[in-house]
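Working notes, structure below.
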Amino acid sequence: MGVDELSHLKFSLLLESSACNDLSGFKSLVEEEGLESIDGSGLWYGRRLGSKKMGFEERTPLMIAALFGSKEVVDYIISTGLVDVNRSCGSDGATALHCAVSGLSANSLEIVTLLLKGSANPDSCDAYGNKPGDVIFPCLSPVFSARMKVLERLLKGNDDLNEVNGQEESEPEVEVEVEVSPPRGSERKEYPVDPTLPDIKNGVYGTDEFRMYAFKIKPCSRAYSHDWTECPFVHPGENARRRDPRKYHYSCVPCPEFRKGSCSRGDTCEYAHGIFECWLHPAQYRTRLCKDETNCSRRVCFFAHKPEELRPLYPSTGSGVPSPRSSFSSCNSSTAFDMGPISPLPIGATTTPPLSPNGVSSPIGGGKTWMNWPNITPPALQLPGSRLKSALNAREIDFSEEMQSLTSPTTWNNTPMSSPFSGKGMNRLAGGAMSPVNSLSDMFGTEDNTSGLQIRRSVINPQLHSNSLSSSPVGANSLFSMDSSAVLASRAAEFAKQRSQSFIERNNGLNHHPAISSMTTTCLNDWGSLDGKLDWSVQGDELQKLRKSTSFRLRAGGMESRLPNEGTGLEEPDVSWVEPLVKEPQETRLAPVWMEQSYMETEQTVA
């Protein structure tokens, strides 16, 4: 931004502070720019004196403050003594006194009095030869006729407001009947035609910028009664009042509490209060076509009448965005459009606001278009996967190597205590090498194999089995998770009857095959104890305390002693110890049955 544009922007802020009677902001700007800027002039968009036409006119801060009735700012400017009260500027050659009279604000009498006391000339003429008293518009309401007479007397030379008010009180009062509009919706109060009221459908009052940021937001400066529906400005107590979307962060969504009657949050509410705040919001105004198009007869229409009047939309949110063809409108403040398309989302001051394609040219450079705004991508949905699917995947691990490793008793004794699988098996588990389950039979088959593997390991090494259960990836989320004791009890009852008798029969048949006997002798050398040394002795106390393990040793020892002497005709070892084992309760025979089963599988593998 160049130096000229920056100075123009700051002076526009000075004029805006004068119009709003913001004395503190006005003082800070004057001190920042220097006191000499207080008598400067800048362009101001508004109605020309004595005419309904709108346009840019050169105005000073004193003239703008007098026009809008900013009493405190006028008093401060005059008190500095750095301004010329009778200075005229603009194409109409108006002075501050002309602006004060034509503004018809509520403080017009006090403003005129301050100017007259500050040596303002009531006989000064503008470019059309009109004195300040000549630009007073005829008051169409008799309510303010007395005030108009006071203003005329002040301009005729009597600058004492108290004296004029005393003369006015001495005059007989005129009884005036005030017509009150009935509460019926179809009927309303009739007002005479007011030529001073602007046309809210044409000119600057019909532009998108004015509709979104000034319509029913800026206060009306007229002190007489007039038709509020024909006036684009807001009046005290008017239901059509809007909050400025640049100052109050609210959306175009209607407030549910306001619909019921009143909203407890007031101006701080994040939702729109009323139809004007909803449909004149920058995010929604003229983003749709009017059904009547160019034949629309509404005084204030919220929709576009032509396709070229449509304001662009955000593809992701559907709300209005800045139009690349529109720019700044100087009928508002220079900082008026530093917000984005939706009020609660503030954007940098360099971003162009949502303006219309037919907006007025701006002395300030345009900003970024909506194409440069960052695209808002909706977040991807993080939905939890199927528990059944995750349970099946955890069971689809290939246990072929682990099952093969169980064929050797030495591998069982050397298995690491910290992991239920070998290192290669754990790598496959972490890598996620899965195969899809084709049927429920595969699923349940995998479950049986996995459970059987854990049961066998629990028999050989209880500590290893407990570690594997605590680190199992399936234990938490599997649909088939059950109590381990219930699984052991149910399966032990089923296999005990089938395996115990077949174990005895296979053992008897094994003794009649010398080739198998020699191979079995080599493979079962480590079955006696953990250190590999066979213990053939059986003590009485050991038989009572370790009945199952001792009997298993005796069983192994019997085979070791029988197999080498098969050809000598020695008698077979006594296996009557199995009979009481089969008749024992389920809890007592559980471990020996599984030990026998493992032993039989070892024999089958060797064979």
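Just so it is clear, glycine is given a Cβ too, placed from its N, Cα and C backbone atoms.
Residues or ranges marked as compositional bias 'Acidic residues' by Swiss-Prot: 161-178. Marked as compositional bias 'Polar residues' by Swiss-Prot: 349-361. The region 'Disordered' feature in Swiss-Prot is assigned to 161-193, 342-363. According to Swiss-Prot, the feature repeat 'ANK 1' maps to 57-87. Look at Swiss-Prot and you will find 92-124 tagged as repeat 'ANK 2'. Look at Swiss-Prot and you will find 254-276, 284-308 tagged as zinc finger.
Counting same-chain residues at least six beyond the ends of the zinc finger (254-276), those with a Cβ under 8 angstroms from any Cβ of the stretch are 215-216, 239-243, 248, 344. When Cβ-Cβ distances below 8 Å are used as the criterion, the repeat 'ANK 2' (92-124) is approached by residues 48-50, 57, 59-60, 62-71, 74-75, 78, 85-86, 130-133, 135-137, 147, 150-151, 154-157, 159, 161, 221-224 of the same chain, each at least six residues removed from its ends.
The average pLDDT computed for the zinc finger (284-308) is 88.
In terms of DSSP helix, strand and coil, the zinc finger (284-308) has 5 helix, 2 strand, 18 coil.
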